[in-house]
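Asks: This structure is in structure tokens; I'll ask about it shortly.
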Amino acid sequence: MNEKIAGIILAGGKSMRFGQPKAFATKDGKAFYQHSMDALTPIVEKMVMVTSPELKHRFQSSETKMTIIQDREEYQGHGPLAGILTAMEQMKAEWYLVIPIDVPFMNQSIFRTLMKHMDQDVDAIIPIAKGKLQPLIAIYRNSVKGLIKYQLDHEHRSLRKLLDKCNVKYVDMEEEQSFININHQADYQKWVKKQEDK
């Protein structure tokens with residue numbers, strides 16, 4: 001574990017397509033958000049989960065190293081950049097490992113692979129899986145904090161726009177299953193049925 005590295009779990013989405021808060025759907029008897037915690041716990045010294053005011057009371061912080069907070073009031077509803085900035089302001093670190101709560105197949109080995117690319121000249125380390133950028137399962141250096149704040153203050157919420165202004169290391173990932181995210185109830189039910197049929 002490294003004190004220069006902190007974890008950020010993004011749990012602020014409204015889960016409109018899923019029909020209920022995705023964080024509390026389960027895989028292998030554990031809530032999705034707990035799988036995100038498990039992917040970071042062996043690596044980081046501390047972590048913050050950023051969620052919405054209406055969901056905050058539903059999370060349990062069984063880990064003493066995790067703090068549960070909500071987006072800064074002026075940035076509530078402004079998407080994942082707001083969550084990342086709020087967490088960066090909550091805890092000091094040089095590097096931040098970011099993960100959402102709808103990737104229950106994610107594991108620590110993905111982050112350990114990305115961490116090999118941490119370098120003084122890099123602001124962000126972004127995996128590419130299935131040909132797609134994965135900026136919400138990534139590593140950001142504290143050097144991006146000012147850029148994020150500037151973007152949010154000017155109503156620019158795009159992660160792509162942030163990456164355009166940063167020194168980014170893109171990492172092709174061969175392992176794709178970890179990046180599966182559950183967006184729709186149908187995806188989840190299909191996965192549940194597959195488990196029952198095993």
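Here the Cβ of each residue, glycine as well, is placed from N, Cα and C on the backbone.
Quick caveat, the model's predicted, so the values are computed rather than measured.
Reproduced below are the annotations present in TrEMBL:
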DOMAIN    7-165  domain 'MobA-like NTP transferase'
BINDING   LEU10, ALA11, GLY12, LYS22, ASP71, ASP102  GTP binding site
BINDING   ASP102  Mg(2+) binding site
Asks: Which whole number of Å gives the largest C-alpha distance between any two of LEU10, ALA11, GLY12, LYS22, ASP71, ASP102, the residues noted as binding GTP?
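Replies: Largest pairwise Cα separation, rounded: 18 Å.
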Asks: Among the binding-site residues ASP71, ASP102, which residue has the largest number of other Cβ atoms within 10 Å of its own Cβ?
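Replies: Result of the Cβ crowding comparison: ASP102.
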Asks: By a simple count, how many Cβ atoms lie within 10 Å of the Cβ of LYS22 (GTP binding site), its own Cβ left out?
Replies: 26
